[in-house]
Amino acid sequence: MFQLLRCVPRVLGTAVAGLRAAAPSLPRLQPASRPCARPFGLLSVRARSVQLPGLLKPRGPCACGCGCSGLHTEGDKAFVDFLSDEIKEEKKIQKYKSLPKMSGGWELEVNGTEAKLVRKVAGEKITVTFNINNSIPPAFGGEEEEPSQGQKAEEQEPELTSTPNFVVEVTKDGSSKALVLDCHYPEDEIGQEDDQSDIFSIKEVSFQATGESDWKDTNYTLNTDSLDWGLYDHLMDFLADRGVDNTFADELVELSTALEHQEYISFLEDLKGFVKSK
């Protein structure tokens with residue numbers, strides 16, 4: 001019985017092999033041909049034979065004829081010429097070739113557009129910090145005066161004056177707190193000096209931890225808009241006793257104006273070099 005079962009697979013295998021040999025071979029299915037939607041010539045772009053649009057266009061010599069391969073237009077050349085003339089004119093009217101010194105024994109430290117004045121007296125350190133950015137007040141609108149006879153129009157232009165906000169920080173030896181007074185030049189007081197009036201005012205007063213560059217908003221800040229005038233006068237006298245008075249404020253305007261003009265000329269020179277660079 002077992003011998004008959006073993007013979008069955010062999011017999012079936014022989015029969016299937018015979019049927020395969022007798023049946024005709026069918027052709028294999030081939031995929032239908034489809035025309036290419038994009039010509040192969042466009043797949044490989046040649047810079048010499050095909051004109052590339054926009055940013056793909058090969059970079060050639062600049063339009064002004066200097067021979068450089070960078071973006072350099074006739075407008076850039078005119079811009080550089082204008083900046084050259086502007087720098088010459090600004091240097092002609094530059095009042096201070098070097099920064100003026102402050103009276104009263106103040107030591108000056110300059111870091112870019114930020115300046116710091118430091119003074120030590122009787123166990124106290126007074127630090128005044130200001131920044132010249134956005135320190136020139138805008139010109140007030142109004143009817144322009146016509147130049148008088150024999151006077152050129154450019155002579156009528158007002159002199160630009162830098163009146164920055166400044167912060168006075170007073171620290172005492174051995175104290176962990178600093179008294180900070182935020183001061184500014186009121187616009188209506190600029191150019192209207194009086195022997196009895198202050199040319200600067202205190203906006204805010206607060207205590208801050210010494211040695212910290214970032215002051216905390218969680219510390220109480222006193223706004224002087226609603227301050228008792230008696231307390232305000234004592235604060236102004238407190239500053240005057242430490243050398244921050246009208247004379248100091250006048251000299252600070254001179255220093256800030258000189259620094260602002262110096263940085264403006266440096267900016268024009270950097271701008272000229274940037275536009276001119278290849």
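Cβ coordinates come from backbone N, Cα and C, glycine included.
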- Message: Suppose you had to name the range Swiss-Prot annotates as region 'C1q binding'; which of 73-90, 109-126, 253-270 would you pick?
- Response: 73-90
- Task: Determine the most Cβ-crowded residue among the modified residues Lys88, Lys91, using a 10 Å radius around each Cβ and all protein chains in the structure.
- Result: Lys91
- Note on the structure: Taking DSSP helix as H, G and I and strand as E and B, the region 'C1q binding' (73-90) has 17 helix, 0 strand, 1 coil
- Item | Rounded Cα-Cα span from Lys91 (N6-acetyllysine) to Tyr185 (phosphotyrosine), Å | 27
- Message: I'd like the Cβ neighbour count for Tyr185 (phosphotyrosine), meaning other Cβ atoms within 10 Å of its Cβ, all protein chains included.
- Response: 23
- Item | Tyr185 (phosphotyrosine) in three-state DSSP notation | coil
- Across the region 'Interaction with MAVS' (166-209), what does the pLDDT come to on average, as a whole number? 87
